[in-house]
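Here is the structure we will look at.
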Amino acid sequence: MKIFTNIQLAATIALTHMRSRLKQTIIATVGVIFGITMFVFMVSMIQGINDFLRNIAFEQSPHLRLYNEIQAASGTILDKVKSQAINIVDHSKPKNVSLALKDGKQVIQLLQDDPRVLAVSGSIKAQVFYRLGSSTINGTINGIVFENENALFNLQAKLLEGSFHELATTPNSIVMGVNLAKRLNVKTGDQLLLTTEKGNNFYVTVAGIFKTGMSDIDKQESYASLNTVQRFMEVPAAHITDIKIKLHDMEQAPAFCQELQTKYGFQGSDWRQDNATIVDGDSFRNFMVYGVSITILLVAGFGTFNILTMMIYEKMKDIAILKAMGFSNGDIRRIFLIQAIIIGTIGALLGLVFGFLATYGISQMPYKSDVMITMDHFPVNYSIVYYISGFSFGIITTTLAGYLPSRKASRLDPITILRG
Amino acid sequence: MNLIEVRNINKYFQQPAKMQVLSDVSFDIEKGKLISITGKSGSGKSTLLYLLSTMDTDFEGSIRINQDEMKGKSNPWLADFRNHHIGFVFQFHYLLPEFTVLKNVMLPALKLAKYSREETEHHAIDLLKLLGVEDQAHKRASLLSGGQQQRVAIARALINEPLIIMGDEPTGNLDSYNSAVVFDLFKKLSAEKGQTVLMVTHDEDIAGRSDQTIHLVDGKIDHAN
Ligand SMILES: Nc1ncnc2c1ncn2[C@@H]1O[C@H](COP(=O)(O)OP(=O)(O)OP(=O)(O)O)[C@@H](O)[C@H]1O
Ligand SMILES: [Mg+2]
């Protein structure tokens, strides 16, 4: 009860002090507002961009992939035959592994029934040359079953012109990346020549053009039906080289990937490994945001520190008179801490409001990107976490900034001051 | 019964050079008396009063007020003690300039939190009336004249009905009429309410009319008086 009246009294004195120094108080508050606004705005914007980039990348990459890879042989045949001797084999060649996934179709069947799996698609991937006139471009062709692949990567949304459905109906038709089409100078309906690794040539028709926003894909990849590519490669209909899987919970990918690798003996990789640069970039960007914001907040805290220190020099006589009346050192400290907390609270709250408004403002700004077709406005993230941490930061920095001056005020010796 | 017992006080200032301001000061003060502290300028009157006010805790010797030893008490304890038992009027500085006159007078009582806000306000107005400054109640304190401020400061010292009222030349800024008003008030409070008044004064007349005089000469009590 007594502590409550003490705090209340300290608060009225604090408010009177602040009113008498309104201009400086406002300046200190504006400093805090600015700091919190910038914090909320920058975090929301950078996180928005992060999310957007992740989405593009993750839309293009499955949660996990299974494939085969040509590897250096482990051990030599000589070791097997003469296991007692010391064998030296120089420069052994990589083992001739078929890139085909053994029993791939059956594995896909099994995966489709797995409750953890959302969607699965088997495909064949091959290196080819695209030729038109004198230009020859090295690239990749993916043989897919459109419905399955679309369930994973939402291909339909990336189509600029033409149609994916023609892949299944028109023989020797492909849908190619927008930059690849530009380099070859072809559009939907045009014909060009495709050369496989074995040297076979096929005439193909462009059935459509897509754009993912990932330039690596857009400048060298194309899609055709699974059968078409198998025919080009002269492999049987069971031959697939990639199984791509989307899970209900992407965090399960690494463990699930491990499980499938040991079960089927394929190579595997999950989204974390495939997108290591993006995952790393995230933490780096976050680090920058927090670094800059904390710097701004420190400057704001310094403003609060300044005004309170000034206030204390001006109010030295008041402090002495209050002490003579029976205010303890703790009461005096409270008076100045309350001022800091009021500045911090008002500054932080208004900072959140302005931060939200700035974020909203930029999210409404039309923004057309060449690279990212799916983006028409600036991407932002309104996570409540930024507002909570912004508010806490604001209060904590101003309270810390108020602590030193208030301690100083509480330690002032009233006698020296009152002597005049 | 002695309200205040001072025993063998020595007070030194270290700055700029070590110098003794009070030497071996001892005296007793009874409850309900009006006491004057006199002496030449620089003889140590203010220094002694600040020690008795419990705000200056740096001394040798013993000060007992109302049976309590002041030496070695914590800051919150002393603050609370002052709030309850001591009303102080300073030599030069009186009021908190940004607060109204009324709020200035009320503050010690609000801190004490013994009476409601309304009761405190009534009490404060009554005191301002007694000292002839009730018409200034709602003005900002910084706008008052020196004499008016000093009278408001006296009202503030009285609001908690302290055991001891201390003043460092509390009438120093007042004309002879108001000086007499204040002195009569102090006399009345000590006689009727049993409050003890302890004041530094240069006024021979006032010193002569008080119950007891403590005369300082170079930091020592002059017993010849
Ligand atoms: N903080 C201090 N540091 C050093 N010396 C001091 C300090 N305060 C007071 N003194 C010295 O102590 C002595 C007593 O001072 P004090 O203020 O008690 O005198 P006083 O009797 O109240 O005088 P006056 O009638 O002029 O108010 C003086 O010589 C003064 O210079
Ligand atoms: Mg003096």
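Note: Cβ is positioned from N, Cα and C throughout, glycine not excepted.
Record features (TrEMBL):
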DOMAIN    A:25-261  domain 'MacB-like periplasmic core'
DOMAIN    A:292-414  domain 'ABC3 transporter permease C-terminal'
TRANSMEM  A:26-46  transmembrane segment
TRANSMEM  A:287-313  transmembrane segment
TRANSMEM  A:334-362  transmembrane segment
TRANSMEM  A:382-404  transmembrane segment
Below 8 angstroms Cβ to Cβ, which residues of this chain, lying six or more residues outside the transmembrane segment (A:334-362), approach it? 6-7, 10-11, 13-15, 17-18, 25, 28-41, 44-45, 300, 304, 307-308, 311-312, 322, 378, 380, 382, 387, 390-391, 393-399, 401-403, 405-406, 409
For a three-state summary based on DSSP, what are the helix, strand and coil counts in the domain 'ABC3 transporter permease C-terminal' (A:292-414)? 97 helix, 2 strand, 24 coil
Kindly state the mean pLDDT of the domain 'ABC3 transporter permease C-terminal' (A:292-414) in the predicted structure. 86
